[in-house]
């Protein structure tokens, strides 16, 4: 091989690696990306059983029911609709009624939402951003003023 | 009064930074030594002013001066003293102050140790550092001022976020920022070289130690952060691919690439333009991380209290610096001459491959982190890109890199002998396969991919050892001779070996935990037992406890193996009284390299409690490996050769000590 | 004044430091190529080491040496040719003026807009040593004392009613309980704790509270406060006849002209009895004052009293979410929808943006039906 050919081969090798990476990324996006919904979205769109989604909203007042063992069921609401969710495991410390929450999981064949992850984040001031945005958009929020002193 | 003096010092620091941003760079252009001489002394002054200001803020925290709004919002008079100190950076305003303090510290270090740098280069570097400092000073003063006062002052503070009340807060942010901000020096060097239109050899000698120092601290910072999240959040995970974690991981990946390309540049004068570009990219990723954490554009466990004006401000800084640097690069880079020639199979070639893979991996992490953001802006659709995405893309792409790592140090500069390298690695490869099968057998199997992963990890470890073995010529020469030869090797050789070995140890931990981990969620009542990882866990009951600013319910477990009690562990649920905020303190027991992790759920009405237990084999390897890498970094930094490179002036005799790590 | 002098000194000092290098006699720009030459020399030495240890092949080492040698030559060449710039004396009037102007102008402009020059530092220790009449500080001081001496029942006993008045019911409950633990039961403490529990549950006499009041009465038949709440509990439980009996007995045992006379009379009337001391007629000024002190009659009036002080308190310290929740709920219970809405608005103003406090307020508003009209356009 001449030096020029060698160089071309190297560049082609590098390019093919990058191409592999791009294809992999596209494939992974198709596979493992979860869309975010609020309960009232689910009346408009249908989510097939087995599709991973994120469901966000507020934990409905008085909806937490502890089953036997470590299974807990509760309802996620956005003020208009609510969706029952069941979850097995340990709930985060800041999981409370009336608080914002994001759950991730799938609808089972009986059309009940089974979550495998429940996030109610770190800080007591925290409201999951997706939830906050939507509540704002739906006008439940007072958009006035921002800074807190 | 002292508070106001601190505030004024901060304002004065901005004025100083503005002067520093202009005079030296003009001086360098006009080749005027007097104006350039403002840079070093000015950088020291800037550091002194910022340090004083930071000290005042710290004092306000220590004495609980609640007339300072920032102290009132994030402190409590009953907090243990260590958290009063660490609490300074446990909030947005204070952490920006820490950022600034470290930035000005690095400028001061460049000023002190850069006496032997070419004068124009030093003046330009310090000016660029001052540009960054000015931007962040302005940001702090206008949008995140920690010296805003309250009158009348409240009697008690609102307490620090309980999750942050942990020794991790004292260690993690300073280390992380030393890394993050350390890359600003590389950035400034790159921009200064572009302004000058020329990269001399001293430039390359300088960039590498700074990169090494920053990389070492960032490695440590990320490892500490990961362990902290692991034990504090009670979810048993050590890495969540959370956007903020990614924000610190991307500069680390790019920094690792920079570390290796700077090596080629330093030794062989090749890859100049690429190194300059990588320096700019690395710090740009640090800035991007800062933006992501503080602007509130992403959902994250780390989210600071967010404020849109701050986000826009940081976005402006980001655009200005990244855009400016890349424009300058596009304009000036063609002028830079490239150097040394090398064959594809050579030390240089392997380092280029390393750079290619690391950059592509950084790219996938960047895409995964930003894609939801871009999609939401364009279509309004909200998605989340989580661990599965990153495991698939990043995980797969890293495999070729891990395979080639042991080959790199075996190859000669300029033209290497792949076959020879292979021969030298036969033993290492054989040993790793054997070790992997052994572990696999003792763990009673698992997915076949685990076998591959384990072999890879062992290959990294044994490959690093084989490198030292070869260089000492063990096996061929007499043992004592070989030992002497080994001792005579430059420290950077040990640094390399340690860093690669550390990587292997980390990979080992990751593979072992992901494939062999077992977990269980059980409801336990007093006296009941459960089995995990070959150990029996007995729940002995709950007890109430009280800390300085919290109350807690502690659950006691006795752990036995084969009927013999071997240890006991407490796991608790705390309630921090000032914020009425609960936290979970996981109980963690270390057995050798493995850990048993016990986390508490909610108490049941019938007196039972939900307990989640993990058996995590080899998990400590993950952080242990990172610390070996960090140690390797320090060993490499202590190499004498890094200090002799930069030449002395005739006027000043052999005072060439340069230790950027301090 | 001292502060401004210090500011002036600091500014002048920084200016002097920055100007000093420019005031020195001008010197020649030293040549910066020499450094490069030294670096290349060092690279050559390292190349030799690498060759010896086999890190680079002999041929390649030769090539590398040639590469470095070329660079070394050109650098050395440039060094000898350029020889640096000639020493020229330059004036630095403009840059110096820039320094002298920039520091005070930027410093003062920004500081005057951002700073609070009049405020002294206020370390908590110093403030606690001199609390003056600041209620919050006095409480903090007492809390400190108790944190160190948690067994000081006297301290808890003192603090408990203060907490109650500050509407920190949780703390008040804890303080009463501690006082009870260390100093034993007295009718006053038991009734105080009961009253705290009642207040904490928005005026409802809970089972726990009733138990406490009954114990207080068992210790002292004449504890009118406890007896009143027991009656209130019966009334809330819907046991009208028992409630009436309790209130009538209370009225009978009360000394004439007692502060709570009217209050009791109202409850008697409410439960279908005929109060002896009718709340009709012309109450004396004393009666009015007493009634006001007591916090007026039935649950509605009681709330109204609380509400007013709460409202005032929130105006002073708006970042009190429990307070706002209570206020909105109270107005609604009083049937003052207009005020409830105003309170809701004010509360949201205190907690703007995406905060869970705001969300709690909104959730409450939805729950009890305070409409949000006029808030969202």
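Every residue, even glycine, has its Cβ placed from backbone N, Cα and C.
Where the annotation comes from TrEMBL, it is an automatic prediction and has not been curated.
Remember, it's a predicted structure, so these values are computed and weren't measured experimentally.
Annotated features in TrEMBL:
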DOMAIN    B:89-295  domain 'Cytochrome c assembly protein'
DOMAIN    B:315-640  domain 'Cytochrome c-type biogenesis protein CcmF C-terminal'
TRANSMEM  B:6-26  transmembrane segment
TRANSMEM  B:96-113  transmembrane segment
TRANSMEM  B:125-142  transmembrane segment
TRANSMEM  B:175-195  transmembrane segment
TRANSMEM  B:249-266  transmembrane segment
TRANSMEM  B:273-292  transmembrane segment
TRANSMEM  B:312-331  transmembrane segment
TRANSMEM  B:394-413  transmembrane segment
TRANSMEM  B:425-442  transmembrane segment
TRANSMEM  B:448-469  transmembrane segment
TRANSMEM  B:493-516  transmembrane segment
TRANSMEM  B:613-635  transmembrane segment
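For the domain 'Cytochrome c assembly protein' (B:89-295), the mean pLDDT of the prediction comes to 90.
Taking pairs at least six residues apart, the transmembrane segment (B:6-26) and the transmembrane segment (B:448-469) share fewer than three Cβ pairs below 8 Å and do not count as touching. The transmembrane segment (B:96-113) makes contact with the transmembrane segment (B:175-195), as judged by at least three Cβ pairs under 8 Å among residues 6 or more apart in sequence.
Tertiary proximity for the transmembrane segment (B:394-413) is limited to same-chain residues at least six positions away from its ends with a CB under 8 Å from its CB atoms, namely 267-268, 342, 345-351, 353-354, 357-358, 360-361, 364-365, 368, 420-422, 424-425, 428, 456, 459-460, 462-464, 466-467, 470, 496-497, 500, 503, 507.
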